[in-house]
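Per TrEMBL, the features are:
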ACT_SITE  His313  active site, GMP-histidine intermediate
BINDING   Asp77, His155  Mn(2+) 1 binding site
BINDING   154-158, 257-258, 289-292, Ser296, 313-316, Lys387  GMP binding site
BINDING   His172, His257  Mn(2+) 2 binding site
Amino acid sequence: MIVVFDKKNQRIPLKIWLKDLSQLEGTALEQAVTLTRLPFAYKQVALMPDAHVGYGMPIGGVLAAQDTIIPYAVGMDIGCGMHAVKTEIDSDQCRGTRLKNILGLIRTVIPQGFNWHKSAQRADVLDKMPLHLQLFQQEEKRVRKQLGTLGGGNHFIELQKDEENNLWVMIHSGSRNIGKQTAEHFHKKAKEFCRKKKTDLLSNELAFLPVESKEGQDYLDSMHWCLEFARESRRRMMEEVLDILQANDSDSVDIHHNYAVKEEHFGRSVWIHRKGATRAGAGERGVIPGSMGSASFIVSGRGNPESFLSCSHGAGRRMGRKAAKRKIGLESVLKDLEKRGVEISCDNLRDLPEEASQAYKNIDQVMNQQNDLVEVEVRLTPLGVVKG
């Protein structure tokens, strides 16, 4: 861990789970230092080993705020997270033609990318939508069709095997468009609040709301609903995949890695913003995926207070999407996956280089740099993946 603390420029220290600052690309360090200057930031700011540039706050960052919420410090995809399930199936049964057929069936049943279900879905979470807020009134019809859909970008459904040859299913997805709309809507509200209060913002992307304000409470209500929507969405997709496999759930883990929550740290109740970070309390299980074609991990938290009981949410980008498409050819991505023995099923191959393993940090290095935050329970090797 590296500690950055320039008392002339920072209120509190910045603690980074890297061996060298050169591993932090772009303006991520500058963004993190800005967080340490916020008047309501508490104790320290933590950066996980997968940290990289984000809107206002680095992805892979953890911020403790006193009585304050920052919409962009939660992230655009509220409730984005992981769901992993161990099955009783021997992974050798999912090879070759059968694996291709399974991936094809998954793509048929679960909409990906910009696609939705053709009809509105039914679920308790949809009946609890905060329709007293205009944002949700406008988005209601779309939301009801997006439940249980994968989305695009770095979201995926992956079949994996553990070291005992058990087949696992892993899903990475979030709250779809409603999470993004919620983030943007309340970011505007936060900017309006700060403007009315004549607050000098260190960054427009760090506009904030007092938790006790009406707008702050409305954001928290909306965020909590988005978390439940995202969790139910992952659960439904997993149910579909298990039906295709004719498998039972013998072990499962589901976590969010974009959210804010009130927790007790260093003797004070604060709002922990985990933006691309996973809670890792003592004995708490988590899911840390690698890049496409790389290993993923089921972990157990060590409860390290210095990271606010947090760990990384994945490998972390080392190359932006545009740069990846410019520098990495599709053919090399496909050859790399073939070499690793990973079957890919994807509608839009053109964008696949954005998610190439070369565009991400080495997951084994990331795990080594946070061995004081988590203990590895299970190492998972990919067999086949459906990309959004």
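Cβ atoms are placed via backbone N, Cα and C, with glycine included.
This view paints the features noted in TrEMBL onto the structure.
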{"residue": "Asp77", "record": "Mn(2+) 1 binding site", "Cβ within 10 Å": "25"}
{"residue": "Asn154", "record": "GMP binding site", "Cβ within 10 Å": "21"}
{"residue": "His155", "record": "Mn(2+) 1 binding site", "Cβ within 10 Å": "21"}
{"residue": "Ile157", "record": "GMP binding site", "Cβ within 10 Å": "27"}
{"residue": "His172", "record": "Mn(2+) 2 binding site", "Cβ within 10 Å": "25"}
{"residue": "His257", "record": "Mn(2+) 2 binding site", "Cβ within 10 Å": "30"}
{"residue": "Asn258", "record": "GMP binding site", "Cβ within 10 Å": "28"}
{"residue": "Ser291", "record": "GMP binding site", "Cβ within 10 Å": "24"}
{"residue": "His313", "record": "active site, GMP-histidine intermediate", "Cβ within 10 Å": "27"}
{"residue": "Gly316", "record": "GMP binding site", "Cβ within 10 Å": "25"}
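Residue pair His257 (Mn(2+) 2 binding site) / the residue listed as 'active site, GMP-histidine intermediate' shows a Cα separation of 6 Å.
Between the CA atoms of Asn258 (GMP binding site) and His155 (Mn(2+) 1 binding site) there is a gap of 14 Å, rounded to the nearest whole number. Looking at Ser291 (GMP binding site) and His155 (Mn(2+) 1 binding site), their Cα atoms lie 11 Å from each other. Across the structure, Asp77 (Mn(2+) 1 binding site) and Asn154 (GMP binding site) are spaced 12 Å apart at their Cα atoms. Comparing Ile157 (GMP binding site) with His313 (active site, GMP-histidine intermediate), their Cα atoms are 16 Å apart once rounded.
Spacing of the residue listed as 'active site, GMP-histidine intermediate' relative to His172 (Mn(2+) 2 binding site) is 11 Å (Cα to Cα, whole number). For His172 (Mn(2+) 2 binding site), the nearest of the binding-site residues Asn154, His155, Gly316 in terms of C-alpha separation is His155.
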